[in-house]
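According to TrEMBL, the features are:
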- 153-230: domain 'Signal transduction histidine kinase internal region' (DOMAIN)
- 20-40: transmembrane segment (TRANSMEM)
- 46-69: transmembrane segment (TRANSMEM)
- 81-103: transmembrane segment (TRANSMEM)
- 115-137: transmembrane segment (TRANSMEM)
Amino acid sequence: MTNKPPHVQPLDTLWQASVIVWTLLAGEGVATVLALAPTLDGNRWVYFGLASLAVQWVALLTLTCLYGLRRRLTNLKPLHVATLSMGLMLACTWAVCAASWVALHEAWAMSSREWILTVLRITGIALTVGTLGLLAFHNHWRARQLAVQAKQAQLDALRARIRPHFLFNTLNTGAALVHGHPEQAERLLLDLADLFRAALGSSDYIKLHEELALTRRYLEIEEMRLGRRLTIDWQVPSSLPTIQLPTLSIQPLVENAIRHGIEPRVDGGRLSVKVVLEEKWVSVEIVNPLPPSQENVHRGHHLGLQAVQARLETQDADRGRLTTQRTDETFISTLELPIIASH
């Protein structure tokens with residue numbers, strides 16, 4: 001089982017249910033405008049029904065063709081994709097016109113010249129609607145890219161932001177261990193180096209077992225710093241699915257649990273990290289006790305959880321879910337990650 005980070009192409013948004021629904025509604029709007037044309041003679045309801053049927057056939061055929069060609073269109077430039085999309089829509093329009101002529105030419109007393117003029121008018125309408133549709137899609141995709149770029153800039157800032165007091169406390173702990181426990185000091189510095197490498201690295205995604213290993217290294221540092229005040233309960237299956245998640249998705253949750261739950265307590269507390277495997281999901285549950293004085297505790301947790309939620313939102317499809325639960329004595333963070341079977 002694998003879960004690859006999604007790389008979203010412009011055409012990928014066409015297969016979303018909301019986009020398909022809006023496409024069909026836009027088609028009904030075009031049919032309505034055609035049926036309300038002042039020069040139209042005859043029953044407008046009949047004309048609306050026929051126009052609606054033709055427009056929806058053109059829209060669905062065009063989407064179907066684009067879906068069938070999606071892999072070949074992946075490496076094309078946006079202008080080429082737009083040109084090909086317009087060509088496919090015109091081809092589908094002419095195909096629907098040809099089918100209509102075969103089915104209805106005996107019922108409608110129209111000469112060949114009138115049919116040709118009708119096809120030309122329909123072609124002009126298709127070009128106009130297609131151009132407007134491409135412009136709307138371009139604006140939608142551009143706005144989407146700007147939103148993703150803004151979110152990525154936020155993530156880059158989060159990745160580069162190492163808490164200074166955590167760094168200083170860790171270095172002070174290492175300095176205190178150098179003479180009496182040099183091996184522990186060496187391990188602490190190696191763990192700190194791994195954390196910096198992950199926080200400042202260019203990789204956006206990491207495997208689940210690697211993220212858990214990184215979290216273990218972080219907790220090893222905290223164990224050396226907090227001593228007996230920190231007790232860790234790991235509940236992780238021996239075998240984990242090969243899935244990927246945004247880098248530093250679990251470690252900040254654990255850091256939050258220590259910073260806002262265990263560290264403020266005089267006697268410390270127990271931190272639980274539990275991984276549950278389900279058929280389609282992997283759940284990572286982190287439980288920590290709340291301090292006696294809970295002023296700004298909710299705000300502190302909220303700020304840290306926002307960072308993880310921002311990372312999950314960079315995944316456009318099959319994104320994970322982050323939920324929290326607060327009781328009188330504990331705070332629970334649950335990260336759910338989808339499992340996608342490999343093909």
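Each Cβ is built from the backbone N, Cα and C atoms, and glycine gets one as well.
Taking Cβ pairs closer than 8 Å, the transmembrane segment (20-40) reaches residues 14, 47-48, 51-52, 54-56, 58-59, 63, 125, 129, 133 in its own chain, all 6 or more past its ends.
Confidence over the domain 'Signal transduction histidine kinase internal region' (153-230), given as mean pLDDT on the 0 to 100 scale, stands at 77.
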